[in-house]
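Note sheet for the following structure.
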Amino acid sequence: MQLKNPILGLCQQATFMLSAAKVDQCPDDEGFEVAFAGRSNAGKSSALNTLTHASLARTSKTPGRTQLLNFFGLDEDRRLVDLPGYGYAKVPIPLKLHWQRHLEAYLGSRESLKGLILMMDIRHPMTDFDVLMLDWAIASNMPMHILLTKADKLTYGAAKNTLLKVQAEIRKGWGDAVSIQLFSAPKRMGLEEAYTVLADWMELEDKAPAE
């Protein structure tokens, strides 16, 4: 069945806008933005590329290469933002602190930010970085949706069990405000669910047909 969610067409026409090292280099703070965050090597760039059907986000065998806020335009009012990857051991500490400082500035000041997509490697979920992002989202009343990436690396049963376990842990620690799903970029698993979240946050009517 062909997905008719209106966000699909917008994602397919996504174009690179600019890279920002600091908040004052970001596009005008208006419209709708959804940011993608994740610990290094969590599959963030691959997820973005799969959702947009393009090679917009840079992928690398060396985690942590994304050092800037990268903005991708969907239309005049809507953008996706690729946030810096964190946690890679070979990144110098001063650079890590620089990334952290500007990430906090972006998250804390951006009025157009409507939601945060957090990538977790399903084999290594709930890292310290993930917990920090969850804490921030709840404290800031920011909608968050989690993609348990690389779900194809596990059997379906093991992936489902991990989903339920992480879901229970999040509900216990942070309540029901955070949604979560399985995702695999190579297998294109979970695209419909992710598109529906994006459409909701960007105030696009969900026209996906009912089951």
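Using the three backbone atoms N, Cα and C, a Cβ is placed for every residue, glycine included.
Feature annotations, reproduced from Swiss-Prot:
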BINDING   38-45, 64-68, 82-85, 149-152, 182-185  GTP binding site
BINDING   S45, T66  Mg(2+) binding site
DOMAIN    30-204  domain 'EngB-type G'
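Overlay of Swiss-Prot feature records on the structure.
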| residue | record | DSSP class |
| --- | --- | --- |
| G38 | GTP binding site | strand |
| S45 | Mg(2+) binding site | helix |
| L68 | GTP binding site | coil |
| G85 | GTP binding site | coil |
| D152 | GTP binding site | helix |
| A185 | GTP binding site | coil |
Original post:
Among the binding-site residues listed here, A42, L68, A185, which has the most company in the form of other Cβ atoms within 10 Å of its Cβ?
Top reply: A42
Original post:
Per residue, counting other C-beta atoms within 10 angstroms of the C-beta, which of the binding-site residues G38, S45 reaches the highest number?
Top reply: G38
Subject >> Sparsest-packed of the listed binding-site residues (G85, D152) - C-beta count within 10 angstroms >> reply: D152
Original post:
What Cα-Cα separation, expressed in whole Å, is found between A185 (GTP binding site) and S45 (Mg(2+) binding site)?
Top reply: 10
Subject >> Nearest-integer angstrom distance between the alpha carbons (Cα) of D152 (GTP binding site) and S45 (Mg(2+) binding site) >> reply: 16
